[in-house]
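Chemist: Straight out of TrEMBL:
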- 1-26: region 'Disordered' (REGION)
- 17-26: compositional bias 'Polar residues' (COMPBIAS)
- 35-270: domain 'RNase H type-2' (DOMAIN)
- D41, E42, D149: divalent metal cation binding site (BINDING)
Amino acid sequence: MSRTSASLVPSAPGPSSPLTNSYTYHSSTPTAPGPYILGVDEAGRGPVLGPLVYGVAYCPVSWKTDLEQLGFADSKTLTPEKRAQLLRVLNSDHQNLGWSVRVISPQAISAGMLRIPPTNLNKQSQDATVLLIRDVLQRGLQLSEVYVDALGNTTTYEAYLSSQFPGISFTVTTKADSKFKIVGAASVAAKVTRDACVDGWTFEELIEEDDNVVRSSREENWNREFGSGYPSDPKTQTWVKNSLDPTFGFPYIVRFSWTTVKVILEKSAHSVKWIDEGQESLMKAFEGGKGREKDRCIVTKDLGIQSIGTL
């Protein structure tokens with residue numbers, strides 16, 4: 001997808017708009033009477049570059065047969081041209097078809113995974129799914145069936161979603177995008193949006209850079225030869241290595257919580273020693289004890305605080 005084509009995708013940031021924060025996009029709300037079915041799928045879970053995008057698509061239960069004829073399928077099996085054409089189909093019937101996406105920025109992904117306690121990718125994915133379903137319900141649509149493409153323990157996830165939305169029948173399964181057309185439609189929405197985000201990426205760092213020499217050097221290293229974005233792709237590996245600034249790290253398109261990135265930083269970036277003068281005694285006060293005092297710090301001993309088994 002070219003940058004020009006990317007700018008035509010309504011769910012992607014506009015031209016010259018950097019993707020700094022996560023956001024949600026909704027198409028127009030369908031007007032046909034319900035109940036509705038809804039499919040959920042994602043694009044960009046594994047790549048080291050760009051956002052993770054969750055998509056949902058929805059249509060009336062009574063429109064299922066019509067949906068079957070439109071050509072939706074697992075977006076990975078479709079050409080970019082076919083995916084773009086199917087997104088236009090999603091936008092063509094405002095009475096029966098609707099779709100939404102939640103775009104989770106690379107920085108939000110990494111910040112969540114590195115905070116204490118961490119919000120891992122599964123939890124971030126779960127939160128995005130719940131948010132999108134709630135948004136659709138709040139738009140006044142009645143959902144009777146929801147189909148979710150998922151990895152891992154699908155039984156546990158299905159039970160969780162059912163507890164969050166009583167009265168809705170959930171089917172959570174692997175390869176749902178190839179089993180249910182409504183999930184295939186969600187897959188197309190998510191994939192086209194993510195591709196547009198990456199292909200049309202605006203480097204915020206270049207906008208903020210006043211030094212023309214530095215900007216020119218970065219523009220040369222931050223070309224758009226991203227490859228697939230996956231850590232195993234040699235083209236992606238080369239781009240990530242070349243994009244490193246040894247002092248300031250990587251541009252915001254890179255997920256800095258990925259192991260691939262951590263390894264490059266440890267090998268090629270300048271080491272940093274954080275000095276917090278005057279805090280050593282405070283830190284020592286909260287260090288765990290040893291021997292018989294294991295798991296007790298100075299503060300707990302001074303205050304006479306002890307662990308108890310029951311209240």
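Quick reminder: no glycine exception, Cβ is built from N, Cα and C everywhere.
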Chemist: So around the divalent metal cation site, D41, E42, D149 aside, which residues have their CB within 8 A of the centroid of those CB atoms?
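Modeler: Checked against the 8 Å cutoff, the neighbours are V40, A43, Y54, G55, V148, A150, A176, D177, V183, A186, S187, A190.
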Chemist: Could you tally the C-beta atoms, other than its own, that fall within 10 angstroms of the C-beta of D149 (divalent metal cation binding site)?
Modeler: 24
Chemist: Could you break down the residues of the compositional bias 'Polar residues' (17-26) into DSSP helix, strand and coil, giving a count for each?
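Modeler: Summed over the compositional bias 'Polar residues' (17-26), the classes give 0 helix, 4 strand, 6 coil.
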Chemist: Select the most exposed residue of D41, E42, where exposure means the fewest other Cβ atoms within 10 Å, treating these as the binding-site residues.
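Modeler: Each of the binding-site residues D41, E42 was scored; lowest Cβ tally within 10 Å is E42.
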